[in-house]
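If you check Swiss-Prot, you get these features:
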{"type": "SIGNAL", "residues": "1-21", "note": "signal peptide"}
{"type": "DISULFID", "residues": "CYS37-CYS90", "note": "disulfide bond"}
{"type": "CARBOHYD", "residues": "ASN55", "note": "N-linked glycosylation site"}
{"type": "CARBOHYD", "residues": "ASN56", "note": "N-linked glycosylation site"}
{"type": "CARBOHYD", "residues": "ASN73", "note": "N-linked glycosylation site"}
{"type": "DISULFID", "residues": "CYS89-CYS99", "note": "disulfide bond"}
{"type": "DISULFID", "residues": "CYS131-CYS142", "note": "disulfide bond"}
{"type": "DISULFID", "residues": "CYS186-CYS195", "note": "disulfide bond"}
{"type": "CARBOHYD", "residues": "ASN187", "note": "N-linked glycosylation site"}
{"type": "DISULFID", "residues": "CYS188-CYS193", "note": "disulfide bond"}
{"type": "DOMAIN", "residues": "238-331", "note": "domain 'Fibronectin type-III 1'"}
{"type": "CARBOHYD", "residues": "ASN275", "note": "N-linked glycosylation site"}
{"type": "CARBOHYD", "residues": "ASN345", "note": "N-linked glycosylation site"}
{"type": "DISULFID", "residues": "CYS350-CYS410", "note": "disulfide bond"}
{"type": "DISULFID", "residues": "CYS411-CYS416", "note": "disulfide bond"}
{"type": "DISULFID", "residues": "CYS434-CYS445", "note": "disulfide bond"}
{"type": "DISULFID", "residues": "CYS471-CYS526", "note": "disulfide bond"}
{"type": "DISULFID", "residues": "CYS486-CYS496", "note": "disulfide bond"}
{"type": "CARBOHYD", "residues": "ASN514", "note": "N-linked glycosylation site"}
{"type": "DOMAIN", "residues": "537-632", "note": "domain 'Fibronectin type-III 2'"}
{"type": "CARBOHYD", "residues": "ASN622", "note": "N-linked glycosylation site"}
{"type": "CARBOHYD", "residues": "ASN657", "note": "N-linked glycosylation site"}
{"type": "CARBOHYD", "residues": "ASN668", "note": "N-linked glycosylation site"}
{"type": "CARBOHYD", "residues": "ASN686", "note": "N-linked glycosylation site"}
{"type": "CARBOHYD", "residues": "ASN698", "note": "N-linked glycosylation site"}
{"type": "TRANSMEM", "residues": "840-860", "note": "transmembrane segment"}
{"type": "TOPO_DOM", "residues": "861-1162", "note": "topological domain 'Cytoplasmic'"}
{"type": "MOD_RES", "residues": "SER880", "note": "phosphoserine"}
{"type": "MOD_RES", "residues": "TYR985", "note": "phosphotyrosine"}
{"type": "MOD_RES", "residues": "TYR1077", "note": "phosphotyrosine"}
{"type": "MOD_RES", "residues": "TYR1138", "note": "phosphotyrosine"}
Amino acid sequence: MTCQKFYVVLLHWEFLYVITALNLAYPTSPWRFKLFCAPPSTTDDSFLSPAGVPNNTSSLKGASEALVEAKFNSTGIYVSELSKTIFHCCFGNEQGQNCSALTGNTEGKTLASVVKPLVFRQLGVNWDIECWMKGDLTLFICHMEPLLKNPFKNYDSKVHLLYDLPEVIDDLPLPPLKDSFQTVQCNCSVRECECHVPVPRAKVNYALLMYLEITSAGVSFQSPLMSLQPMLVVKPDPPLGLRMEVTDDGNLKISWDSQTKAPFPLQYQVKYLENSTIVREAAEIVSDTSLLVDSVLPGSSYEVQVRSKRLDGSGVWSDWSLPQLFTTQDVMYFPPKILTSVGSNASFCCIYKNENQTISSKQIVWWMNLAEKIPETQYNTVSDHISKVTFSNLKATRPRGKFTYDAVYCCNEQACHHRYAELYVIDVNINISCETDGYLTKMTCRWSPSTIQSLVGSTVQLRYHRRSLYCPDNPSIRPTSELKNCVLQTDGFYECVFQPIFLLSGYTMWIRINHSLGSLDSPPTCVLPDSVVKPLPPSNVKAEITINTGLLKVSWEKPVFPENNLQFQIRYGLNGKEIQWKTHEVFDAKSKSASLPVSDLCAVYVVQVRCRRLDGLGYWSNWSSPAYTLVMDVKVPMRGPEFWRIMDGDITKKERNVTLLWKPLMKNDSLCSVRRYVVKHRTAHNGTWSQDVGNQTNLTFLWAESAHTVTVLAINSIGASLVNFNLTFSWPMSKVNAVQSLSAYPLSSSCVILSWTLSPNDYSLLYLVIEWKNLNDDDGMKWLRIPSNVNKYYIHDNFIPIEKYQFSLYPVFMEGVGKPKIINGFTKDDIAKQQNDAGLYVIVPIIISSCVLLLGTLLISHQRMKKLFWDDVPNPKNCSWAQGLNFQKPETFEHLFTKHAESVIFGPLLLEPEPVSEEISVDTAWKNKDEMVPAAMVSLLLTTPDSTRGSICISDQCNSANFSGAQSTQGTCEDECQSQPSVKYATLVSNVKTVETDEEQGAIHSSVSQCIARKHSPLRQSFSSNSWEIEAQAFFLLSDHPPNVISPQLSFSGLDELLELEGNFPEENHGEKSVYYLGVSSGNKRENDMLLTDEAGVLCPFPAHCLFSDIRILQESCSHFVENNLNLGTSGKNFVPYMPQFQSCSTHSHKIIENKMCDLTV
């Protein structure tokens, strides 16, 4: 065993010596090759690839064991015959062609391995080796697979790789020593081995020397020495980010991410499988990171893989990426989403597939948000199955809740699919405003993103490029631009600062909106920093009121920058909480001050100044710090104070003490302060002298001469007042009575009105002075100076009504003060009123308000009580049944409310109260034997008479043939002829229970039917003997109703009340009652009138020549009721019916009453 190991080591050294001496580093295909070992006598290729066996790697792997066994049998070498066998090992391709070059050299120039034939057969000698450099250029990998099945199954095998990375291999003076090689142990499994060689990134371009050493069952195999460059055998990583989408043109775009780690360009191979109506498989090589597949149809599926390799062809193909699946929808939009700006155009294309059938493009319609159909003028046909819609001059998308886009639907003529395309229209007209500071060192630009906030997922940035000098006429976006960092402020604006700046360089800038759908740019704008300067505010601002002139003078100093001519703006106002500003413009660039007129010279003014370029470019500066004026005397007082006097002492004496009183001057009069007051005296004997009283407002002096004139002067730091008031005290003038009367009337507790009359005099009246004081209080006297041309004056003070006041009126002349008019208290009437009721002004309004409230409450209560209790109570004076009754007698009420033994028939309530006009003639008896007939009562309710209009009833047309003995009278009737229809009716009530004879019935029937039969009316058949009963008949007359129309609502529903009353009234053995309706209108419409019978409401024409002119009714005991209530024999009697008209008639005595009913509308 020791000898065997020694022999293997010897072979190692021999191998290294041979390849070093002869420089036999094997230049084979470095990424994939084979290792072959064969006996020396076997030099033909049949050993490596015998006839009948395919020359490929897979065949060699599957049949290597059989090949080796067959080869040994053919050579006749047996284990018993040979104890040692020498093999030649070499590299070759799959056909082993390179091994033949080395088989002839057997004198120490080849690697010989001495093994037993049995071991040779079991281990196998053919290896498939592949080496590559990893894509990250950090690791060199060799992968080995034996061609025999399970070569290391029965032996403990080890594989090592020895390598060296010399910088220069050709100039080595000596062969490389074995110690210079580094060894790595390979990881082996049953079927494969893999060796990892770490290569520094700096040595990827060096030549790598290596060989393999395989040890198994005590036998070692060594491969020839290999030389290769790792950079040329790089195997990239598989591409990542494989994705697919339908392009705007309807093609399928396959794209992936580029490998940023690769230091060299790559080429890609794409293979895809299309499964649609036709299955298609293809593999294409491209240099870009995307591939377009055309003719994409809806409902198709694609399976795609991609791998990469160096573009120059060297290296190894990477592994295939993971397969990616993609399926197109039944309705395809391309593009599915569009992001565009306002005013631009956009187009969508669509392919619609419905139930495995592609819809023709001519059958496709487009909708916007499923609410608005897009006009067909915007449609275009791209192909038989592709429809296109175009939108022009788009407007900004208005967000609707969570939807920030417009949904565009491609629909079939019959239905729409739920899929849609998205249209985002953004207003990119963003205003960028820039401002250069006053020091001209930086420029700040601001802009608002409010118009693009609806675009979710977008980012905005400001991009710009600078021109060396000035701005171009038409700014444009350049592909090469710079990004400016902007910060969002609290006010919602972005702010970007350019520093340093070039004042005369043009900065073209725009806002770029980045989104996953694309990017949009706002219109570019060019800014010249020198044109947007905001200067520093003026400094050293001062303000003062000038002396004597009284003007507000403002001065300032111009800022250092910019050097351009500037204009200035001054604002000023009275100092206070809310300043009312006034402005003044100064356009003189050289001016540093301005004088302004002001109204109040004695007030404090606050002043500020700002500036900007005179040519209008740039911005106004900030306002300067405020400057305030000081209050000081600017002029002499405008006038002296007004003053009055108080006289003390006995008026009979020639000497009296006079106290002068005056009010301090206001600032506007003193301009602006008073240091002291001076009183000047003038008398005839003593001349003129002055008294300085300082700041006091009173002075007492002795009046001893007949005339004494005084003047009060106000003096400030400038001088004494120029205009002053004089007051002359004169004994003769004090007796001049110029005031004739004086009255005082209190208006309220704070106002009293004084009125007076003056008597004519020869003196010149200057003014009047009013004095008043409270006689019960020691507050002192108050006074007012008023003009001389008024005769009443309102005094505003705190007056107590129960106090007593004294009012005095002094006339003041140029010669002196006249005699006053003095009254103690108010006018007498007012005094008594105030004394009786001091709180009159408070009590009276309270009393008036209480009375109004009480009156309103009573009126409301009265109306409610009347509505609840007295609304339905009739007035006896307006009721027909109360006519002629004396309600002063007790028996009237007893008879009125006595219960009758038998029931009577009630008529219906009238629809409205109306006066009655009637014309009735009564005969005392019948001339034939039929006098004894049942009695009846008639109550005629007709229209209200109108004295202005009348009508004559011609009785000849209405005489009855059956009553020849009756003599008719001729009378007049009156009609109101109203425009609206009204209801009139007459009710016949009788308590007779017996049935009249046929003859009696015929008499009445004939009198009625005669008028109806004049024109052969069809109503004649309706009036049979059975249908006409004398017991109770009712005729309803409708006047002034439109021709040929009878209101069914009035005819039926209105009379249902009558029928209800008759039907519900308890009466034994009472026969059926009949109700008949008569239509009455004007004479010129009579031929069109209608009659409504009691049979099924049939409408029949009414006779034009007669209106039931003769109706005879028997009556006896109720004649007094007719006479009293109807005033027989009279005409024009009016009454207002309120209750149903009825009366019960006895059967003991009867009278014949002939009632002439005339047409009231003739």
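From the backbone N, Cα and C atoms, a Cβ is placed for every residue, glycine too.
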Within 10 angstroms of CYS496 (disulfide bond), Cα basis - recorded positions out of ASN187, CYS416, CYS434, CYS445, ASN686: CYS434, CYS445
Model confidence over the topological domain 'Cytoplasmic' (861-1162) (mean pLDDT, whole number): 44
By Cα-Cα distance, the member of recorded positions CYS434, CYS486, ASN514, ASN698 nearest CYS142 (disulfide bond): ASN514
DSSP-derived structure type at CYS193 (disulfide bond), helix or strand or else coil: strand
Cα distance (Å, whole number) from CYS90 (disulfide bond) to CYS445 (disulfide bond): 76
Neighbouring C-beta atoms (10 Å sphere around the C-beta of CYS471 (disulfide bond)): 17
Cα-proximity to CYS411 (disulfide bond), 10 Å cut-off, over recorded positions CYS131, CYS350, ASN622, ASN668, ASN686: CYS350
Spatially closest candidate among CYS90, CYS193, CYS486, the listed disulfide-bonded residues, to CYS186 (disulfide bond) (Cα to Cα): CYS193
Residue among recorded positions ASN514, CYS526, ASN622, ASN657 with Cα closest to the Cα of CYS434 (disulfide bond): CYS526
Other CB atoms within 10 A, centred on CYS350 (disulfide bond): 27
Inter-residue C-alpha distance, ASN668 (N-linked glycosylation site) and ASN698 (N-linked glycosylation site) (nearest angstrom): 21
Three-state secondary structure, CYS486 (disulfide bond) (per DSSP): coil
Neighbourhood of CYS526 (disulfide bond) by C-beta distance under 8 A, where only residues 6 or more apart in the same chain count: ARG467, CYS471, PRO472, PRO475, GLY506, TYR507, THR508, MET509
Which of CYS188, CYS410, CYS411, all disulfide-bonded residues, has a Cβ with the fewest other Cβ atoms inside 10 Å: CYS188
CYS131, CYS186, CYS195 as disulfide-bonded residues, winner by CB count within 10 A: CYS131
When distances run from the Cα of CYS416 (disulfide bond) to each of the recorded positions CYS131, ASN187, CYS193, ASN275, CYS486, the nearest one: ASN275
Inter-residue C-alpha distance, ASN514 (N-linked glycosylation site) and CYS486 (disulfide bond) (nearest angstrom): 15
